[in-house]
């Protein structure tokens with residue numbers, strides 16, 4: 001499994017500059033917000049956590065179509081599906097999800113504090129938002145794995161993946177933003193939405209790979 005993890009990270013880095021593309025898109029989203037809302041620094045600071053989360057969510061969707069694409073092109077996807085039992089296939093998908101997150105999404109989390117400065121956010125808000133992104137973005141990848149498995153055989157599956165995945169990520173977005181605001185707004189709690197966000201990620205770490213494995217297996221039947 002470690003060799004599969006390392007291989008997928010290398011593929012994520014090489015395949016069209018996936019990590020760099022996501023970071024550039026993330027930067028572009030954040031950079032255009034001040035032009036839309038005006039030069040009100042207090043407003044930028046107030047909406048900063050939500051904008052960072054939305055930008056990260058959209059950037060995460062960019063590379064989901066590559067999750068199984070390389071394996072399908074070289075034929076290894078068929079070997080994975082036919083050669084593994086149901087439980088091992090789900091574990092293989094989980095490892096691929098973690099490798100995709102580490103290679104493509106983790107750079108977004110690392111870039112988030114710097115982009116938070118562009119939004120005039122306070123240090124505490126920046127730290128809380130980065131922490132929630134670190135905990136919550138794997139859930140987006142796990143959800144995306146199911147969508148990528150459904151659309152892997154389609155020639156232009158990227159748009160379909162976004163349509164399938166985006167509505168399912170709304171709970172992650174809600175609790176991620178709520179926890180980010182809870183760290184700076186006294187009436188709002190931080191721990192409760194943060195724990196719910198962590199629980200969602202753990203739940204989807206099981207449900208997402210299992211659903212993706214079922215979709216891959218039925219797709220090859």
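Heads up, the Cβ atoms here are built off N, Cα and C, so glycines get one too.
What TrEMBL says about this one:
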- 12-35: transmembrane segment (TRANSMEM)
- 47-68: transmembrane segment (TRANSMEM)
- 89-118: transmembrane segment (TRANSMEM)
- 124-152: transmembrane segment (TRANSMEM)
- 159-182: transmembrane segment (TRANSMEM)
- 194-216: transmembrane segment (TRANSMEM)
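Per-stretch counts of Cβ pairs under 8 Å to the transmembrane segment (124-152) identify 194-216 as the leading one among 47-68, 89-118, 159-182, 194-216.
Most Cβ pairs under 8 A with the transmembrane segment (159-182) among the ranges 47-68, 89-118, 194-216 are made by 47-68. Taking Cβ pairs closer than 8 Å, the transmembrane segment (194-216) reaches residues 68, 77, 80-81, 86, 89-94, 97, 131-132, 135-136, 138-139, 141-146, 148-150, 152, 171-172, 175-176, 179, 182 in its own chain, all 6 or more past its ends.
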